[in-house]
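Engineer: In case it's useful when we look at the structure, here is the feature table from TrEMBL:
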- 248-281: repeat 'TPR' (REPEAT)
- 333-366: repeat 'TPR' (REPEAT)
- 430-463: repeat 'TPR' (REPEAT)
Amino acid sequence: SAVSSNSLKSSLLQLECHFTWTLLKQDVDLDDLQETINDQIEFYAEFNIRNYNLLSYVCHLNNSNEEALRSLQKAEELIKKNHPDEIAKKSLVSWGNYAWIYYHMERYEEAQVYISKVENSYKMLSSTAQGEIQLSEIYAEQGWALLKFGGKYYEKAKNCFEKALKNEPNNPEFNTGYAIVTYRLEDFSLRRCEDVKLSLEPLKRAVKLNPKDTFIMALLALKLQDLNQVDEGERYIEAAMQKTPDLPYFLRYAAKFYRRKGEVDKAIETLKKALAVTPKSVFLHHQLGLCYREKLSQLKKTTRYPPQEQVEELIRLCIFYFKTVTDQRTKFFHAHADLANMYAQAKRYEEAEEMFQKAFQINILSYDNKQLLYYYYGNFQQYNMKSESEAIRYYMKGLKIEKGSYGRNKCINALKKLLEQRIRRGLGGAAEFGTLGHIHHLNGEKHKAIECYEKALALYPDNEEYLSALCELRLSI
């Protein structure tokens, strides 16, 4: 009997694999992800079964199912070579991906073969203690995949690693995944002005269980640096440097450690070493741009009249490295914002404007990145384009996203300063006083807010917005 697409669908949805883990392609830059996975295949061979499984899914999202099948064949070869006694147990995710890819290619018979393989393996495993452990491995593989799809997925990824650790609390790899995801979540929280210190213990535990893994040592070092334990952090960096002097994944974070410590030349040297190994890495180019930008600001801070040619050379290097990134990666937000700001510094205003517009078009921006972008663009309007009205408009846009973040705080402070200047210069209309009232209200300064709203109403007597704000404030005091 011919297998139909409908009869397969419900079985396919039962499979645990990348196709059922709701990893959406609109949340990532697929080219970037494909390059990352290829690099990891080269440098972290011990995880290649997992990497090839993920790569097969990414190839499918990139509309190349033939290539996806080739990745799964590579995963299969590795399973046969490395786990000859547990082929069924280790193949569940690969077989699930096979079934889905054949289904999308309308090769329904073959899809059914793989569905049956998975179902039979589960029957076999469910009667053994191995079954539980197998589930942990699948949870972990799901966790790693979610991690790769970006910030939206981190909470889910953390859940997966927690489930995996329930059955195997001392598994080194699960502990590493859990530590990485808590570290990244914490990084988000810092940018969103929330105070958390959850990742220190998981990182220490992962380092203890994975003495060879220098990537996780570098993350621990950065976390210690965040907590002002710089010397202890540096001890980990130096120990890791002895173990893997050429591993680009370690070097990129070692460089970040040195840059944040103010040792910019050492950071540059470390990044160039990593770049020699992975010359295409976008991350490394971006980090080099940040280093030259740091040198530029150090030069301006320490020298009253910095030599013009030195300033120009540093700006040129910043632009070169940031542009290398934005040319290749249309969704790398920070590189776009950094390049736009650098063009503005170089007084290349048309290119700055064009770059800002490209940044506004990135469709995977988180709210805190949007707020930061409104702040940068407001700044550009205020200081470079000399348009205070546009600056106010964009700072306001940052405020209107009502979630706290570093960028939103910047918008609030810039707006407050600009409005107060305008009022001092005698340019205070109703709008200026009204907006300033709103900011005082946000900052909890109720009496100042009332005063501003009263001035706004004196200039614009029947404004509904100012009246209702004023009533609300008076009632709350």
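Each residue, glycine too, has its Cβ placed from N, Cα and C.
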Engineer: What residues elsewhere in the chain lie close to the repeat 'TPR' (430-463), defined as a C-beta under 8 angstroms and at least 6 residues from its ends?
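Structural biologist: Apart from its flanks, the repeat 'TPR' (430-463) reaches 392, 396, 399, 412, 415-416, 419-420, 422-423, 469-470, 473-474, 476-477.
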Engineer: Cβ under 8 Å to the repeat 'TPR' (333-366), counting only same-chain residues 6 or more beyond its ends: which ones?
Structural biologist: 26-29, 150-151, 282, 286, 289-290, 293, 315, 318-319, 322-323, 325-326, 372-373, 376-377, 380, 384-385
Engineer: What does DSSP give as the helix, strand and coil breakdown of the repeat 'TPR' (333-366)?
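Structural biologist: Split into helix, strand and coil, the repeat 'TPR' (333-366) gives 25 helix, 0 strand, 9 coil.
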